[in-house]
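Visitor: Below is one structure. I have some questions about it.
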Amino acid sequence: MPFRALISPPLAGLAAAQRLSFQRIRGRGLRTTAAALVLSGCSGRQSVLDPAGSDAQALFTLFVSLLVGAAILWVAMNGLFYWFTRRSTGTLPERSGRMLILFGGVIAPTVVIGAVLLWGLSLLPDQRAPGDGLTVSVLGEQWWWRVEYTMEGVEGSVVSANEIRLPTGQRTDLRLTSDGVIHSLWVPALGGKMDMFPGRETRMSLEPVEPGIYRGQCAEFCGASHAWMAFMAVAMMPEDFATWLEAEAQDAAEPQSDAARRGLAVFQAAGCGACHTVRGTPAVGKVGPDLTHVGSRLTIGAGRLGATLDNIER
């Protein structure tokens, strides 16, 4: 006698109800997990799905096209599989089989891959195009970013840290290198990433189309504090950027209050100038970030903390 027949009807019903309840719970859990995974990748401070630069928009369009194409292919393959399982038994004629292999296995993949390759290659010249006079040199340190702005035909430069300011509607040339280990500069909302090597200069260009503040990150593991090596890319209207750059080129203002003067005295007495530069003062250190206009920056500590008085006092 089958084992199932030995179970009393109440016990059998209870077992069936338990199985049904478990299946429902498992189904809800799987749906909740899948939804959480999908939603976690659709938003955030570093999202490629919210492009704000011309290069990022081109990459986003390519990504969506590939995603739609893959979905169509998935539906088509499942449709073929379903059709083959439902059709009557037998084999395809030899000519039909050969044509299926030729078009499905050779011609169609060649056309699709070739089109995607040409599309991808067409994006490369734009991302390598030089800027119109403004050059931003970025040096990857351990573990922060040294940023220097130079203008064609203008003597001198402006040095900052952990913040890259860019004019909107203009392509800016970025020249990248590293101090000791390999880094990779990436602002997902503005464009692709580019590796930075010690002793070698790599180049990329970015063209923001919308003013805003976009978080960037080192995208290559570079040591103990790699996860903390962040920066802010600030896209500004051209006239606002010109005003900011002119102000940044000035020396540090003389302290006006007693508290500010005491702060300067402490800074100098503690020997901070051995590592940091503050233009207009005896502090000319090159080891750490330039602190000339640190109060005008959005963050301190490579993006760890907001540039507030409380955080600066820590």
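Even glycines carry a Cβ here, placed using N, Cα and C.
Per TrEMBL, the features are:
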DOMAIN    131-247  domain 'Cytochrome oxidase subunit II copper A binding'
DOMAIN    258-314  domain 'Cytochrome c'
TRANSMEM  58-85  transmembrane segment
TRANSMEM  97-121  transmembrane segment
Visitor: May I have the DSSP-based helix, strand and coil counts for the residues of the domain 'Cytochrome oxidase subunit II copper A binding' (131-247)?
Guide: 13 helix, 61 strand, 43 coil
Visitor: Are there residues at least six beyond either end of the transmembrane segment (58-85) with Cβ under 8 Å to its Cβ atoms? List them, or say none.
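Guide: Residues packing against the transmembrane segment (58-85) from afar: 48-49, 51, 112, 116, 119-120, 123, 126, 191-192.
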Visitor: Work out, from DSSP, the number of helix, strand and coil residues along the domain 'Cytochrome c' (258-314).
Guide: 23 helix, 6 strand, 28 coil
